Amino acid sequence: MKLEELKLDHFRNYESLSIENLSNVNILLGDNAQGKTNFLEAIYLLSLGKSFRTTHDSELIQSGSNEALVEGTFTRSTKSKIKLGLKIKKHGKIAYLNQLEQARMSDFIGQINTVIFSPEDLNIVKGTPAYRRHYLDLELSSISPKYLNELRIYQRTLKQKNQYLKMMREGRSSDEVYLDVLNNDLAKSGGYIAWARNKNIGELEESASDIHFRLTQEKEQLKIIYLSEVRSESLDSPEDAADALLTIFKGHRERELRQGVTVAGIQHDDLSFMINGTNVASFGSQGQKRSVSISLKLSEIEIIKKIRHEAPILLLDDIFSELDQSRQTFLIKSFEKEVQIFITTTSINDIDTSIIEPPLIIAVNDGEISTRGING
Ligand SMILES: Nc1ncnc2c1ncn2[C@@H]1O[C@H](COP(=O)(O)OP(=O)(O)O)[C@@H](O)[C@H]1O
Ligand SMILES: [Mg+2]
């Protein structure tokens with residue numbers, strides 16, 4: 001997949017931007033707070049329909065404006081062109097596919113794929129369980145509309161169940177049959193999610209452990225463990241997982257009625273990473289944590305390639321200044337030639353440009369850009 005053209009209108013600090021003839025390797029160069037990450041964010045928005053930085057879409061609209069527009073023209077390996085657009089209003093957004101307004105976001109999401117590398121990736125290892133769940137959900141949603149749909153159903157039903165449990169505790173309702181209905185719905189969507197997460201983690205581990213082994217000069221064996229209230233023997237099919245979840249819900253009925261809130265479910269899932277048998281989050285060095293996050297991101301690319309038969313667009317946000325030479329070289333060398341990359345940096349000296357294709361340099365200054373080749 002390749003982004004050929006990008007247009008921004010009143011997006012973040014870009015009043016108006018239009019750039020054509022994007023290259024395979026594009027370096028966004030500029031001081032801090034000039035709009036480099038905003039540029040990547042716009043591309044990311046076209047892949048997933050939401051930002052990696054904020055859940056409040058209104059922040060994407062340039063201050064003082066009413067709406068923002070992001071538009072990108074992409075080519076795919078089939079050589080077919082696709083034009084994706086997103087109009088962001090204060091209360092909602094409209095997605096366009098080849099200029100046609102889409103009734104459902106799910107028809108827009110995942111048309112093109114991106115993988116973003118940023119210093120925050122360390123949080124996949126170091127951060128909260130909620131961060132890791134969010135990471136898993138984003139990754140799975142980008143490759144499976146069904147997953148995204150089941151996740152929405154689960155979240156909506158969970159909210160209903162919590163409201164209902166609260167009503168029951170306050171004596172405003174007492175219909176346990178309705179609670180059964182909600183539990184059934186939750187188990188059905190939750191079972192699918194647990195099964196999909198487990199499957200995805202298995203695939204992630206398969207390729208991440210191989211990449212990690214090579215990244216660490218064959219010293220470190222990486223394992224990824226899915227931590228869920230659904231036990232591993234019930235994860236062979238969505239139906240088995242749903243049955244297991246239903247049993248779990250039933251076992252917690254008394255406590256849930258007493259506390260007026262759902263106490264079990266896939267909203268507590270987590271991941272843990274082990275290197276040579278030791279938990280990385282607790283005992284790993286900073287360098288090991290960084291290596292694990294790089295291995296995970298690189299395997300995301302592999303998974304997308306397997307499913308889409310095409311490489312995603314890579315967005316590398318300020319990561320080179322933090323990487324030592326050997327990790328940097330490993331990273332760049334592992335990207336194949338045909339992959340399109342956008343790299344942000346404050347200093348071109350942070351990047352060893354001798355090991356990449358001649359890049360297009362996009363100088364970013366206060367929401368305005370100018371382009372040039374590597375030699376000026
Ligand atoms: N909605 C917005 N309207 C106007 N400016 C914005 C908006 N959101 C962010 N900015 C500005 O964008 C700049 C940050 O851009 P960013 O891409 O994160 O910088 P960097 O080049 O360091 O990656 C800041 O100057 C910030 O004030
Ligand atoms: Mg930035």
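Positions of Cβ are set from backbone N, Cα and C atoms, glycine also.
The feature ATP binding site is assigned by TrEMBL to GLY30, ASP31, ASN32, ALA33, GLN34, GLY35, LYS36, THR37. Here the Cβ of ASP31 (ATP binding site) has 11 other Cβ atoms within 10 Å, regardless of which shown protein chain they belong to.
Among the features that TrEMBL reports, domain 'RecF/RecN/SMC N-terminal' is placed at 3-347.
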So among the binding-site residues ASN32, THR37, who's got the most Cβ atoms within 10 Å? THR37
Could you tell me which of the binding-site residues GLY30, ASN32, ALA33, GLY35, LYS36, THR37 have their C-beta within a distance under 6 angstroms of some atom of ligand 2? LYS36, THR37
Mean of pLDDT values spanning the domain 'RecF/RecN/SMC N-terminal' (3-347): 95
Quick check on the binding-site residues GLY30, GLY35: which one has the highest count of other Cβ atoms within 10 Å of its Cβ? GLY35
Of all the binding-site residues here, ALA33, GLN34, LYS36, which one's CB has the most other CB atoms within 10 A? LYS36
